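The region 'Disordered' annotation in TrEMBL covers 549-569. As annotated by TrEMBL, transmembrane segment applies to 87-110, 116-133, 169-198, 210-231, 238-259, 282-306, 318-339, 371-393, 491-512, 518-539.
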Amino acid sequence: MISHPTLSPRHGCKFPLQIEQYKLCLSQPRSIASFPQMSSIMRTRSAEKGQAGAGLEHASDHDQVVENLEKLGYKQELVRTRGLSHALFMTLSIMAVPYGLSAPIATSLIGGGPATIIWGWLHISILTLPLALSMGEICSKYPTAAGAYYWCYRLTPPRYRVLASWINGWLTMVGVWTICLSVTFGTAQLVVAGVGIFHPDWAATPWQTYLIFVAVTAVTFVFVIFFNDFLPIIDMAAAFWTLLGIIIILIGFSAKAAAGRRSAAFALGHFDPSSSGWKPGWTYFIGLLPPAYTYAAIGMIANMAEEVQDPSSQVPRAMVWSVPIGAVCGLVFLLPITFTLPDIPTLLAVPTGQPIGVMFELIMGSRPGGFGMWFIIFGIGMFCAISICCAASRATWSFARDKAIPFHHTFSQVNHTLSDVPMNAHILSTMIQLLLGLIYLGSSAAFNAFVGVAVICLGTSYSMPVAISLVQGRKDMADAPYSLGKWGPALNLIAVLWTTFEIVLFSMPAVIPVTKVSMNYASVVFVGFAAISAVWYIINGRFHYTGPPLPNNGPEDDESKTEGEVQTL
């Protein structure tokens, strides 16, 4: 007789008793947990079903986003790899608060000193928030890489929408190209300042500065083109580098203060308008350029909308949240500077006009210490250059996609071999920066105007759709996913009034009496670009540019498109 091993008497059990227990087990209901192997299999299958369900849900969300983009008139060409955190980190990287406040800090010192630095930063932060909220609301309804000029097209009455979008589009182009130029060239000037810490007698020639600028631009180009898949990670690294750098500067300056410690009355209230020559009130406004410059490009995250997973929700929130986060970071960065600030006339007497290297060296009391603090700002500048040039390439690509740029067929192409990068558009953006940088060889004063031009052009391009929506009674914003509700009109009005004042403010010279060196050429450069845009519209635009595409959702859209096309003729 063959016996079952588990029921054999040799196991110390009586056979009849084992049979009875075995029958009892079979007769009783049992849970799946009683069978360990079966339980494990079922859990695995359940997990697989959960993952499959999540995958289907993600695919469904992606399909919905793609469908929404098609409703706006475009097809999906770029890859959506960014979530809310990536969009927020990229916005903060573009703002680059410590870099934006320290690179042009000489203007704040001319504009009154510590009081302007601290309170000007807070005032600009408060005034920027309504603009961010207003743009976020519009972007939530029209989330495309086209950004502000698309918003103008959809919000303007059909008779004027083509011209409005053309004007706004070229304001955007000039703004993104010049803001990129200011960052890359400003980082090159930081390199000169860093070298000056160890070689104070060395004065860089314009050609040497330009070659450093070319090197910075080349590094940026390599990252944007060949490391597109890693850019979201790089933006996260930029955010952590900035936060860590602010903490290190706070601790280092507070601990060393080799140039002396200032009282709270000086750090928060000292105001000296004598360096500018203007009346005290206008001197304060002149000193607002650095904070306004820092916030100038917050709307450029909208140009990344076609690479964000849920742009209607995530892009507006990233745009809005960046302002209070940036305000706190800026305050933490500026306070240790004003409490340990060296002699202001000494800083303004630096031959290169860039006092940051000397300032850091004097505060830290040693060249290595000053260089270490300088390196933090330099790293933030490089991260900013990568992020802002990436966004500028998307803006350029989108405008070419809508046939508004010469040779648009070439510059609207996406290189699918290199991780779906609009490479040709980025090459165009980079070449324009390199060409404009040559102006520095002839006149540094004329070149410095590009900072003011960037602030003016971007501010105007962002406020135009807000103003159009406000004039139209905000009827198009009734169904915006990120709605401002009853606060919308007031916030829109504040945003428009501030940017209007900004245009006047940054067209004025920082010091008087005005000389060829101190002259602010921002208005001249602005008018020059406007003239080029107008001539190109007469030659080509009015025959080929019909505005962004409109989806044919109904007779109203068809009629609007027809009227817009007639207007271009």
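Using the three backbone atoms N, Cα and C, a Cβ is placed for every residue, glycine included.
Any TrEMBL annotation is an automated prediction that lacks curation.
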Do any residues, 6 or more residues outside the transmembrane segment (371-393), come within under 8 Å Cβ-to-Cβ of it, and if so which ones?
90, 93-96, 98-100, 102-103, 176-177, 179-180, 183-184, 186-187, 190-191, 193-194, 197-198, 216-217, 219-221, 223-224, 231, 234-235, 237-238, 241-242, 245, 248-249, 252-253, 297, 300-301, 303-304, 356-357, 360-361, 363-364, 421-422, 425-426, 429-430
Given pairs 6 or more apart, does the transmembrane segment (169-198) have at least three Cβ pairs under 8 Å with the transmembrane segment (210-231)?
yes
Count the CB pairs under 8 A between the transmembrane segment (318-339) and each of 116-133, 210-231, 518-539, then give me the winner.
116-133
Other than its close neighbours in sequence, what residues sit by the transmembrane segment (238-259), given a CB gap under 8 Å and a spacing of at least six beyond its ends?
89, 92-93, 96-98, 329, 332-333, 335-337, 339-343, 362-366, 369, 372-373, 376-377, 379-380, 383-384, 386-387
Same chain only, please: residues at least 6 beyond the ends of the transmembrane segment (116-133) with a C-beta under 8 Å from a C-beta of the stretch. Say none if there are none.
101, 105, 108-109, 267-268, 271, 283-284, 287-288, 290-292, 294-295, 298-299, 319-320, 322-324, 326-327, 330-331, 334-335, 337-338, 462-463, 466, 484, 491-492, 494-495, 498-499
